[in-house]
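Record features (TrEMBL):
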- 26-48: transmembrane segment (TRANSMEM)
- 41-290: domain 'G-protein coupled receptors family 1 profile' (DOMAIN)
- 60-78: transmembrane segment (TRANSMEM)
- 98-120: transmembrane segment (TRANSMEM)
- 140-162: transmembrane segment (TRANSMEM)
- 197-216: transmembrane segment (TRANSMEM)
- 237-255: transmembrane segment (TRANSMEM)
- 275-292: transmembrane segment (TRANSMEM)
Amino acid sequence: MATRNRTEVTEFVLLGLSSWPEMQPVIFGIVLSMYLVALMGNALLVIVALSDPKLQTPMYFLLSQLSFIDMFLTTITVPQMLVHTLSANRTISFNCCMIQLFFFMAVGSMEGHLLAAMAYDRYVAICDPLRYSAIISHHLCLRITLTSWVVVSLNSLLYSVLVTRLTFCDNQVIHFFCDITPLLLSSLCTRPVVNEMLIFTEGVAVVVSPFFFILGSYARIGIAIVRMHSVSALRKALSTCSSHILVVLLLYGSVIRMYLRPSSSYDLDQDRQVAIFYTVVTPMLNPLIYSLRKPGS
């Protein structure tokens, strides 16, 4: 088997969303428009949630945190992508790449933890409404948020440190930002067995465990509604949970598609198109989805 020359990589070349030069202005215009809509929509939701006395509830505290995460997530990746789209120089230094990888993984994982906390809020509101105020409080939501930040930061730090210790034979990355999978598959001299094992073990525990918690919460909600034998209870549950369920499907549909597959089945050209969905489209849609909620639901 032929071996690739090992050289010290000091910078990476991000090949972007498309290799067709004539598409770059179109991509720039579309992505910039979605980015601005995502920023304005999420910022407006945060301002309303913090300023309206009727929305000073634990659920809207978590929702404002989710909007902050969406703004952070898009800002980590999109501005650099926009600059590279209209520039001949698409390089990023090794250190900056690792910093971007750390923040992207931490913030991306944090979104799942917030959605899990929101699922628990909905479970208590529907299954134990009389004790809701005693169980769910701003203090509890704040503790959940801070604990989640610690967990996802440590997980992201682990991945970033492992990547810095790998040997790269090529500095071209088939992606528009520094993400774990394109880095491992585009530029490495050898197959990163340890990193793949981490993705499917520790990575699953940190990233996907909130998804299973969400499924468990909605399973118990479903059981409780069936026991009530009430059409009005079903309608109220759907009104309360539908926006959250849709956001969960948007997030985890793309996450599972991107990360939780064997490396042999990856198609980096298609995956960078999927990545634009969860880095720009989903943060843009989330404020619109949650704006359909009723303040009391």
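Note: Cβ is positioned from N, Cα and C throughout, glycine not excepted.
For the transmembrane segment (275-292), same-chain residues at least 6 beyond its ends with a Cβ under 8 Å from one of its own Cβ atoms are 17, 31, 34-35, 37-38, 41-42, 44-45, 63, 66-67, 70-71, 73-74, 77-78, 108, 175-177, 179, 243, 246-247, 250-251, 254-255, 258. Averaged across the domain 'G-protein coupled receptors family 1 profile' (41-290), pLDDT for the predicted model comes to 86. For the transmembrane segment (98-120), the partner stretch with the highest count of Cβ pairs under 8 angstroms, out of 60-78, 140-162, 237-255, is 140-162.
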